[in-house]
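Read through the structure below, which is laid out as C-alpha cells, and then see the notes.
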Amino acid sequence: MPQLSADTLLSLDRAHVWHPYGPMPGTVTPYVVESASGVRLRLAEPVAGGRRELVDGMSSWWAAIHGYRHPVLDEAVREQLGRMSHVMFGGLTHEPAVRLASRLVEITPEPLQHVFLADSGSVAVEVAMKMCLQYWQSTGRPEKNRLLTWRGGYHGDTFHPMSVCDPDGGMHHLWGGVLPGQLFAPQPPAGFGASLDVAYASAFEELMARHAHELAAVIVEPVVQGAGGMQFHSPAYLRMLRELCDKHGVLLVFDEIATGFGRSGALFAAEHAGVSPDVMCLGKAITGGYLTLAAALCTSEIADGISRGEMPVLAHGPTFMGNPLACAVANASIDLLLGQDWQVEVKRIETGLVDGLTPARDIPGVRDVRVQGAIGVVQLDHPVDVIAATEAAAREGVWLRPFRDLIYTMPPYVTEDEDVARIAAAVNAAAVAG
Ligand code: PLP
C-alpha cells in the first residue's frame, strides 16, 4: 500500500472525510494514528510537547477494553479470516454467531433468551424499539407506541434513538417536527450511593400512569448516563423502573451499550440493581473494540408476542448481520474478559482514578469530580476549550476527547497503575487548560 505523507493525508482528510459531529471541511486538525498497541496510540507526527505516543484514556469510546493488538484477539480474527470473513445471515448460520448468541444469553440476566445481532449500537437500539412496538402491535395494543425516558440520556444518532436522547442536547431542536414525540421525565437524582428520592419516584409514577395506555416501553442507560452528560445514578432507580413498568404494563429497555462488559464495576449495570429488563442492548466493548457489532436481547414473552402477530416475524435484517469476523473476535474478547479476575482490574483502575482525580476538586472552574468503576469524570462550570484541553493532555502523553463541560476517561482494563496515574494527571492538566 502506498504511504501518504502526513501533510497529504491531512489535506485529503480535510477536503473529503467527515469526522464525528464535525463540519465539512474540517476545522480542527485530527492527530494521525499510525498504529496502536497495548494502551498506546502511535502517531505519525509528534504533537504537543513533541509526543509521538499517547496513552489511550478513551478505550476508543468505551470499546477497546483489552487494549490494542491483543495477541489473543488478533489470533481470533486471523483464524476466522482463514475460514470466511462474511456470509449473509438470511437462510445461513455459522458457529461464531451461534456461540456468541448462546454466550450472551448465558451471561446476561436469565429472562433474556433471544438475541438479534446488529451492526452498530444505534441499530441495536432501533431493533430494541422495534421489538417493543411490534410486541404491542402483535398483541392487539398498537396504540402503545411511544417511549418514556429520563433526561440526560444518549442512545445513538439514527432517528428513533435520537428521539430519546436528552432534548437539550441540540438534536431535538434541529429535528423538531421530524423526530417522534417521546416522553421525558426529569433526570434521576445524581449519585450511585444516593437513596431513592420518594418525591422523584412518585412524580415518575404519575407521569407513567397518565401515559401507560400509549407507552410501549421505558428506555434508559442503567447507572451511567454516558454521552448525554456522564452522570451516575443509584441502582434504586432501576428497581423503581422495574416495579413501575410491571405495575403499569410497560416494557423496560436497558441500553447497556456503554456500560456492558464490566465498565461500571458489574458485568452489566443491571446487576447493581438485581433486576432484569425486557430488552437489553449491547455494543461497543462486545468485540473488545476490534469490529463493529451490537446486539438486542429480549425475553421469550416478547419473542412469543411478536410471533403471535399478523406479521409474525421481526422485520429487520442488516446485510452484515452476524458478521463472522466480528462474532469470532467477540467470543474471544468475552473469553478473555471472563477468564481473568476482571473485577479486580476495574476496581484497581477505579482506585487509581479516585486517587488521581481527587486533587481536581481544587482546580478553579471544576464543578464536580466523580468516579464509577473504570470511568472518571471531571465536570467544569463552563464549556471545555476542547483544543486547549486536548493539547494539555497530549503534553502529559495522554489521549483524551473532552466534550461539552466534561473531561473524562474510561481507560482499557489492562492499563497499568503508572499509566492510570498519568491519565488522571492529564485529565487534571486538561481541566486547568480547558
Ligand atoms: N447507546 C449508548 C448508551 C451509547 O453510548 C452509544 C454510543 O455512544 C450508542 C447507543 C450508539 O452506539 P453506536 O455509536 O455504535 O451507534
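Counting starts with 1 at the first residue shown.
Any Cβ shown, glycine's included, is placed from N, Cα and C.
Automatic, uncurated: that is what TrEMBL annotation is.
Quick caveat, the model's predicted, so the values are computed rather than measured.
As recorded in TrEMBL, the features of this protein are as follows:
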type: BINDING; residues: W61, Y154, K284, G317, R401; note: substrate binding site
type: BINDING; residues: G121, S122, D255, P318, T319; note: pyridoxal 5'-phosphate binding site
type: MOD_RES; residues: K284; note: N6-(pyridoxal phosphate)lysine
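Checking the binding-site residues G121, S122, D255, G317, P318, T319 against ligand 1 with a 6 Å cutoff on the Cβ atom leaves G121, S122, D255, in sequence order.
Ranked by CA distance from P318 (pyridoxal 5'-phosphate binding site), the binding-site residues W61, Y154, K284, R401 have K284 at the top as the closest.
Nearest neighbour of W61 (substrate binding site) by Cα distance, taken over the binding-site residues G121, S122, D255, T319: G121.
Around the Cβ of W61 (substrate binding site), 16 further Cβ atoms fall within 10 Å across all displayed protein chains. Relative to G121 (pyridoxal 5'-phosphate binding site), the binding-site residues Y154, G317, R401 all have Cα atoms farther than 10 Å away. Taking Y154, K284, R401 as the binding-site residues under consideration, the smallest Cα distance to T319 (pyridoxal 5'-phosphate binding site) is found for K284. Taking a C-beta cut-off of under 8 Å and a sequence gap of six or more, G317 (substrate binding site) has these contacts in its own chain: F89, G90.
Taking each of the binding-site residues S122, T319 in turn and counting other Cβ atoms within 10 Å of its Cβ gives the largest count for S122.
Residues G121, S122, D255, P318, T319 are listed as the pyridoxal 5'-phosphate binders, and the farthest two of them sit 23 Å apart at their Cα atoms. A 10 Å radius around the C-alpha of D255 (pyridoxal 5'-phosphate binding site) takes in these binding-site residues out of Y154, K284, R401, in sequence order: Y154. Burial estimate for the binding-site residues (K284, R401): highest at K284, by number of other CB atoms within 10 Å.
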